[in-house]
């Protein structure tokens, strides 16, 4: 059956700020306490969605989550009216208010792991929301993620939306940022590739400076609950040294699509064995793996992290050629820019490079790949997504006007204590649910 890979990008929320909450994420730590521009952030992401939709790629939208999270603050012991809760948290524990106010759900690559119906045992598209248990500000996302996915992908004949795995370090799950899929065609059975940072119950190398957020046990559990064919499922360990260099998810050092793996030479432990396994497994499903390995001599790990070369989108055109979507920081790094020029001029599958200004997201450690969740859908499954979430001229105009109306153009850490920010956000999100036709999605609407 005909199928297409859709990218569902997260709309940046009204509380987008730089609180430095993500240890192991170099950009997040480096920009801590600086002022953010939520309006610019949201519009930068929206423009990327629109341009890719205009180029013929299937592009969807995922709404922001409600922030600040009064549920979290009340759980942590702050009481009273909503304004009182925010005031108490701001005075007594501003770091907790920052965690409750994070707009990190914008990075939907961490929202869930998705397996298309061509790969699963029951022939449905399976979603497992990521528990994101390594960081408080992200561990509060999965309930709302499940609600959103269950709203958009509601037909049980086509979709299965699971609960997140239990939020324990042994099952640390960071979603699709550590997962990719290879195939001959999107609608045919493929090979699912899970990358982990450490194993809870197996001896092996681990990072020493920054934590490994994804475990082997979590990856295996997701594959099992999705009913994947064991002979078409490959696991690999990310090199702990690159985690210590700031590669907190695999999508900061590697990206794959269809029959192509674009990766850094230092991305994996036992890389040649991984390449060989992927090649043999994909060959059994009718495709030949193309490995584009970037040598450290051309682009160092540090350059990869600062430019986010690999936190890119690798998209297939109808003619089979591929385009790489990168942040503008790649053009500002001389070595990375030179490599990209050489790549596009070569005879490989990647023929074009598209550059986007995503500066606001990048300063928090999120490039093009972070902002999107890939969902392969056949024609019947796409028709079952009935909400108004597919990017087109009309939706773009509505969302652009909505952002202009509701978002601030400056948000500093001290502004999180402003109780009117909660009211502004709720007003904006209430209107957004009407634009996207997703019903009463948020707690404050119920």
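Just so you know, the numbers here start at 1 and follow the chain as drawn.
Just so you know, glycine gets a Cβ as well, placed from its N, Cα and C.
What Swiss-Prot records for 174 (among others) is active site, and it gives sequence analysis as the kind of evidence. Classification of residue 174 (active site) by DSSP places it in coil, neither helical nor stranded. For residue 174 (active site), the same-chain residues lying six or more positions away in sequence with a CB closer than 8 A to its CB are 110, 130, 132, 134, 213, 214, 249.
The feature active site is assigned by Swiss-Prot to 249 (among others), with sequence analysis given as support. According to its DSSP assignment, residue 249 (active site) is coil.
The Cβ of residue 370 (active site, nucleophile) lies under 8 Å from the Cβ of 107, 108, 109, 110, 177, 249, 251, 311, 361, each on the same chain and at least six residues away in sequence. Under DSSP, residue 370 (active site, nucleophile) is assigned to coil, being neither helix nor strand in the three-state scheme. Among the features that Swiss-Prot reports, active site, nucleophile is placed at 370.
For the recorded site, residue 19 (substrate binding site), the DSSP three-state label reads coil. According to Swiss-Prot, the feature substrate binding site maps to 19-28, 110, 137-138, 213, 251, 364.
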One residue among the recorded positions 110, 249 has the fewest other C-beta atoms within 10 A of its C-beta, namely 249
Cβ contacts within 10 Å for residue 251 (substrate binding site), all chains included, total 29
Long-range Cβ list for residue 138 (substrate binding site), cut-off under 8 Å, min separation 6+ in sequence, same chain only, gives 102, 104, 110, 132
